[in-house]
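Enquirer: What follows is a structure written as structure tokens; I'll ask about it next.
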Amino acid sequence: MTAAKIKVLCVDDSALIRSLMTEIINSQPDMEVVGTAPDPLVAREMIKQLNPDVLTLDVEMPRMDGLDFLERLMRLRPMPVLMVSSLTERGSEITMRALELGAVDFVTKPKLGIRDGLMEYTDTIADKIRAASRARVRQAPQAASGTPATPMLRSPLLSTEKLIILGASTGGTEAIKDFLMPLPPDSPAVLIVQHMPAGFTRSFAQRLDGLCRITVKEAEHGERVLPGYAYIAPGDSHLRLARSGANYVAHLSQEAPVNRHRPSVDVLFDSAAEHGGKNVIGVILTGMGKDGAKGMLRMREAGAYNLAQDESTCIVFGMPKEAIAAGGVHEVVPLHSMTQRVMARLATYGTRAQRV
């Protein structure tokens, strides 16, 4: 008996995009488009009639804004939503907000040659729909009504040599925010790979920088890695930890994708194993696939202490599951306890710098 196909509803004001998404999705053996809608008002009725497993949603549409629709949907009928975004600064900012509101992930429309560009994305779109269909959906956050502020964690007396090295993918934008917000201003440096296209990582970093006590920025090639900063790998660039004399520096490159990703978590983790060794705390959060599993094992073998997000708090328990299976993880921790566990672990290292 064959498994039921994933039912997808595509919502986009462009007839061309609706047609291409239908072509891409229906070419896969395990999914089908059960309907298309030109705007959210039509989509609302189709959701009731068709009960889709996954919704693809354009971020900018007439009649009702995609974000307004998403916010209502996640409040009234939470379901897996994959945003379809334009490669523009405005598109990236709206997409970041959509992920905050509960969208599982996003795909980008190419700027030119939409037909060829989208068809090239076939595997990516199909993989993201599969992941979305299995994702644990977050409801839209309620408006702040006396919700407690994120507790301020105090930094133990630390050597500036300590580093937090983090990788994430699907669901990672919100998980990274939840991890970074409690960090104290004098936290060890954090190097981050989140699978995301060029342009979107800048919006992501800016949004986090406005929320966190540490400084959050896109990593720049050759810059010194300092405590109190989080460095996010720019989309379409690998990020490595490197040494320049006694200092840690960020190294960016355009080398071939690894595990189909650039930036790749394995690339960052491998460099941390080589140059950070025992000074590293490794963290792997929610994400699809196995990027980071081999690198986390190498970090462990080099003396790092590694933590993985647990299944119950992951949007997609792919990357943490693979890292655990590979043997690279010391502790499996729910997201809401992750920052505290990392800081507690750092406190056990004491004050003495550990040179590698």
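Even glycines carry a Cβ here, placed using N, Cα and C.
What Swiss-Prot records for this protein is below:
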- S169: active site (ACT_SITE)
- H195: active site (ACT_SITE)
- D291: active site (ACT_SITE)
- 7-124: domain 'Response regulatory' (DOMAIN)
- 157-349: domain 'CheB-type methylesterase' (DOMAIN)
- D58: 4-aspartylphosphate (MOD_RES)
Enquirer: Taking just the CA atoms, what is the gap between D291 (active site) and H195 (active site) in Å?
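Expert: Rounded to the nearest whole number, the Cα-Cα distance is 10 Å.
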Enquirer: Given the recorded positions D58, S169, D291, which one has the fewest other C-beta atoms within 10 angstroms of its C-beta?
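Expert: D58, out of the recorded positions D58, S169, D291, has the fewest neighbouring Cβ atoms within 10 Å.
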Enquirer: Whole-number Å distance between the CA of H195 (active site) and the CA of S169 (active site)?
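Expert: Checking the Cα atoms of H195 (active site) and S169 (active site) gives a distance of 5 Å.
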Enquirer: So how many other Cβ atoms are close to H195 (active site), meaning within 10 Å of its Cβ?
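Expert: Cβ-Cβ neighbours of H195 (active site) within 10 Å number 25.
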Enquirer: Give the mean pLDDT for the domain 'Response regulatory' (7-124) on the 0 to 100 scale.
Expert: 91
Enquirer: Going by DSSP assignments with H, G and I as helix and E and B as strand, what are the residue counts for the domain 'Response regulatory' (7-124)?
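Expert: Here the numbers are 57 helix, 28 strand, 33 coil.
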Enquirer: What's the CA-CA gap between the residue listed as '4-aspartylphosphate' and S169 (active site) in angstrom, rounded?
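Expert: Here the two Cα atoms are 21 Å apart.
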Enquirer: Let me know the DSSP-derived helix, strand or coil state of S169 (active site), please.
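Expert: Going by the DSSP assignment, S169 (active site) belongs to neither helix nor strand, so it counts as coil.
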